[in-house]
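Annotation source TrEMBL lists region 'Disordered' at 1-109. The feature compositional bias 'Polar residues' is assigned by TrEMBL to 27-48. The compositional bias 'Low complexity' feature in TrEMBL is assigned to 72-88. Marked as active site, nucleophile by TrEMBL: HIS226. The substrate binding site annotation in TrEMBL covers LYS228, LYS442. Annotation comment: TrEMBL describes HIS440 as active site, proton donor/acceptor.
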Amino acid sequence: MSQESQHGKWTLSDSDDDDNIPEPKSQARQAAHLSQNNPVKYENSSSPALKRKRETDEGGWNLSSSDDDDAAPSSAPKTKPKQPSSRSPPRKKTEEKRPPSPHGANYYKEEPSDFFEANLSAMNDTYRFYLNKVSGIEKKFNTGALHIKEILSPMFGTLKESVQFNYCFDIPWMVKQYPPEFRDKPVIIVHGEKRESKARLIQQAQPYSHIRFCQAKLDIAFGTHHTKMMLLWYEEGFRVVILTSNMIQADWYQKTQGLWMSPLYSRLPEGSPETAGESPTHFKRDLLEYLRAYRAPELAEWIERIKEHNLSETRIYLIGSTPGRFVGCDMEKWGHLKLRKLLSENTCPVQNAGQWPVIGQFSSIGSMGIDKTKWLAAEFQRTLMTLGKAGSSSSSPDTPMLLVYPSVDNVRTSLEGYPVAGRPRRQAGVMPCPTSSMPHIKTYMRVSPDFSQLAWFLVTSANLSKAAWGALEKNNTQIMVRSYELGVLYLPSAFVSIIALKNGLPDMNIIYLRPFVQASRTGRVICPC
């Protein structure tokens with residue numbers, strides 16, 4: 001099904017992965033789009049590239065992600081060599097150069113000089129949660145928001161090296177976001193590309209000798225490296241940024257994104273043990289464990305650097321997903337079971353909890369089983385409804401679970417129109433998302449009936465899917481996770497001492513919602529309810 005508009009013809013799709021869409025200058029997205037339009041043909045059903053899936057809700061067959069799939073089986077019959085043809089070789093088809101945006105070659109405008117902050121006076125240093133700046137809206141609605149150029153600017157430190165974890169990269173554009181004085185500092189790009197798309201990504205970096213690559217291992221089919229994080233090492237210390245934006249211009253231009261920026265972590269005294277500089281939320285331990293899960297020698301030096309810094313000021317909890325099948329105590333280290341564990345151990349039931357809805361807001365819906373009882377309304381809903389220790393009443397059968405997802409009309413009336421995603425989103429029987437800046441942000445929360453207070457709040461790269469959050473298997477004795485994801489969880493108990501100093505002693509079971517909607521910006525809402 002296609003849709004005509006002033007921007008041209010765009011195809012409607014119900015793809016499960018919102019990031020597998022064409023984006024300007026994004027080789028990774030071009031490759032994903034190309035592979036959808038030109039699938040590999042398998043003429044022999046006994047080919048080793050076709051492997052039986054493990055028994056899951058979806059069943060059936062899938063294609064192996066092994067790099068060895070192209071090798072022919074040893075028992076394959078030999079074919080006679082083709083005789084040379086007298087005809088001249090066919091002319092090589094030249095590919096048309098893609099415009100930088102589906103809107104046209106001149107869509108992106110240079111931001112005016114007053115678009116960027118000159119100082120940090122407007123920064124929210126309590127929760128350290130920020131929206132991104134959006135082009136094309138009134139300046140007042142960008143107050144307190146951050147652009148990538150500001151994140152990488154000298155305002156936050158004298159940069160020495162950095163690591164960029166992401167799903168999608170436009171490397172020439174990324175390099176330009178660093179200020180000139182930092183533009184040749186070493187950068188490691190952590191990605192999940194393979195084969196042709198990996199080659200195209202590496203080709204993008206050829207002009208930049210300061211860029212190195214780290215390929216994330218994706219051992220389970222249909223998994224992606226969806227984590228979006230920056231590690232920034234300064235002369236003054238170290239910083240972590242966890243966000244929802246891809247490293248492409250379209251994600252930073254007119255979409256709503258969210259990010260958490262850590263404090264500047266100072267160096268520990270020489271000889272300090274690894275456990276030194278830990279935060280009350282065990283952020284240092286969890287970050288190191290997440291990085292070790294990559295099993296990548298390229299990250300070993302960064303792991304050692306993090307050990308040498310004091311992360312004790314961190315007030316958020318880390319929620320990560322890494323590919324694998326986990327049993328025993330490892331089940332609660334990743335995905336939605338990690339979230340369930342933290343909500344169980346670090347929150348308390350609130351009065352009239354059954355009237356506090358759970359809200360999930362995301363930009364894509366992936367596989368969730370053949371019906372809602374298989375995952376969404378079973379294990380995942382149980383996690384989101386958790387408040388306090390098991391057995392505590394934190395919900396009732398009537399507790400609302402509201403799922404916010406872009407509709408076709410949301411896309412049509414957004415700042416970018418239909419080309420915002422290369423396709424309008426399908427209607428999913430969930431709440432529409434009325435905002436003029438299309439949300440690529442993903443948030444989950446438990447909110448009071450009047451939408452003024454939060455029992456908890458999570459901003460993450462994870463959309464609504466089993467691949468991102470994990471799914472229980474083998475009679476709930478193991479959890480299987482396909483993808484890399486990363487987010488930060490805000491719990492009231494971690495902020496009590498900070499808020500008390502500023503506002504008087506608060507209720508330790510709630511966080512007030514106002515800082516997270518940033519004074520209710522017109523057209524800039526995290527979760528429009």
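For all residues, glycine too, the Cβ spot is worked out from N, Cα and C.
Features as recorded by TrEMBL, highlighted on the structure.
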residue	record	Cβ neighbours (10 Å)
HIS226	active site, nucleophile	27
LYS228	substrate binding site	27
HIS440	active site, proton donor/acceptor	26
LYS442	substrate binding site	25
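If you take the Cα of LYS442 (substrate binding site) and the Cα of HIS226 (active site, nucleophile), they are about 12 angstrom apart, rounded to a whole number. Separating the Cα atoms of LYS228 (substrate binding site) and HIS440 (active site, proton donor/acceptor) is a whole-number distance of 12 Å.
A straight line from the CA of HIS226 (active site, nucleophile) to the CA of HIS440 (active site, proton donor/acceptor) spans 13 Å.
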